[in-house]
Amino acid sequence: MTANAPSTSSSGIEIDSNSSVAGGVEDVYGEDTATEDQFITPWTVSVASGYPLLRDPRYNKGLAFSDKERDAHFVRGLLPPVVIGQDLQVKKMMHNMRQYQVPLQRYMAMMDLQERNERLFYKLLIDNVEELLPVVYTPTVGEACQKYGSIFRQPQGLFISLKEKGKILEVLKNWPEKKIQVIVVTDGERILGLGDLGCQGMGIPVGKLSLYTALGGIRPSACLPVTIDVGTNNEQLLHDEFYIGLRRKRATGQEYAELMDEFMSAVKQNYGEKVLIQFEDFANHNAFDLLEKYGSTHLVFNDDIQGTASVVLAGLMAALNLVGGTLAEHRFLFLGAGEAGTGIAELIALEMSKQTGAPLEETRKIWLVDSKGLIVRSRMDSLQHFKRGLGHEHEPVKNLLDAVKAIRPTVLIGSSGAGRTFTKEVVEAMASYNEKPVILALSNPTSQSECTAEEAYKWSQANNAYIFPGFGLGLIISGAIRVHDDMLLAASEALATQVSQENLDNGLIYPPFANIRKISAHIAARVAAKAYELGTIVLRLSNVLNLQESCNPLSEYFAVLSLTGLATRLPQPRNLVEYAESCMYSPNYHNYR
């Protein structure tokens, strides 16, 4: 253990002797502890200089290298003589970006920038987040994934296929960064509302992690995008000469399970207990199973199920200030009963149970419509397991409009991935029953949305990017080892409190996205606080049970901790909001010695 390494207690809980930065990843070279007026050394394997320095995206500053830096690092003459600041570079890049008329061209320009000047990429994205978010993520990233084979230039993450079975740990070690905090992984089977895109789904983990950095402040070097390639059932891709993945039908059953199990074990072995693994765009039949299987052994999170639910719940909490009543007094109807729909419904039921004290079985009186109509008890035998708790006594109803007329919901939520399903008749029916109906069309990309803002007045567009960056930051700064449902509720509550009266007066149920880093810090603080609170509860429980005096104290102790999401980074910071902000990555340039 080095002199600067955090100490560890006998229970395995990490204790920071100094305030950590960058979410707790060791800052070996002092890059993140350095202020903007302090000097750092641009290390690669050795000190980067000359032409290689200009080709290293972590340290390249382009025309912002000072005259002194150009001499010290042998780049004089390799750049034009002018020296300009980062703000002017941002202005120039935005001017260039706005010249592109095609969204995919903007996406490719942003990816090119990320590959040559990392800090400028994030500075550009942070300073222009409302304009560039649709470029680096939905809806443009959907088209990028569809055409990924044609636009692929150089790898931005790890591709783990069936060919790597038995040696996934070796593959992880090929990744140049060793201190990983967040992994976003997909198998490409259900990319947005576009279906099976196989290996080309890599655009999703890359995009999500760029938002973890820009919006949540996670250091880029601590992020790892992963695509698990088990084949594809997309015939068009299988016959596309530019397709970059395995040309075979998707693996299922034991073959699939064994590969995923090896991956999850290798991640834990290589990066430790506290690396966050976010499952992204898995098909329903795998998404729920993976979350259930690994939720008690790994720090895992599914944004499609849990992130979407947390964002929507926050919007509903804020909407109550406009429409009145409590959650329990409203009637909810969903179009779509997949990962997002059932995840949102379950979290709403959990919050209602928390508010009213009623058991979950009662608060689950939430209605859903899937491809076969209203989910009712008479369909129970044919329902997938994750829908069964949301089936209620009612006569069969075949379509959404009839369901709206029968249920008369006050809140209508679309998560079906089927475009233009909130028709004029559906919206008019909602308006006839409610003075202020709450209508949320959540499916993406835009072509798959149930309706547009112009077609149905709604207060704002819910976006998962409100929650997952801050949620992940909260897990990291607290050293959480598991995700707990109460953390999701805490994130929703934190987001809802960021909606000001002025926002509500303007009909908004989400705060302006321009303030997203501040919002993320508050969400992170609430999530971390909940992790510490849960840890306190379990530590007290362990004393009652005398777990530390058993024959195998450490294993039994952590068996209980694994159920909670205990915060292991101790002591708890006095001001969690300030601590979260201090841990956030800054894209501003450093000065070089």
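Note that Cβ sites are derived from N, Cα and C of the backbone, with glycine treated the same way.
Per TrEMBL, domain 'Malic enzyme N-terminal' is recorded for 114-295. What TrEMBL records for Y137 is active site, proton donor. According to TrEMBL, the (S)-malate binding site annotation covers R190, N444, N463. Taken from TrEMBL, the feature active site, proton acceptor applies to K208. Annotated divalent metal cation binding site per TrEMBL: E280, D281, D304, in sequence order. TrEMBL lists 305-532 with the feature domain 'Malic enzyme NAD-binding'.
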Rounded mean pLDDT for the residues that make up the domain 'Malic enzyme N-terminal' (114-295): 95
Additional residues around divalent metal cation, ordered along the sequence, whose Cβ is within 8 Å of the centroid of E280, D281, D304: T186, R190, I191, I204, F279, F282, A287, N302, D303, E339
Least Cβ-crowded entry, counting other Cβ within 10 Å, from the recorded positions listed as R190, K208: R190
Tertiary neighbours of N463 ((S)-malate binding site) (same chain, Cβ under 8 Å, six or more apart): L133, V311, Y510, F513
Same-chain residues at least 6 apart in sequence whose Cβ lies under 8 Å from Y137 (active site, proton donor): G207, K208, S210, L211, A465
For D281 (divalent metal cation binding site): intrachain residues, at least 6 apart, with Cβ closer than 8 Å: T186, D187, G188, E189, R190, I191, L192, G201, I204, D304
Among E280, D304, the one of these binding-site residues whose Cβ has the fewest neighbouring Cβ atoms within 10 Å: D304
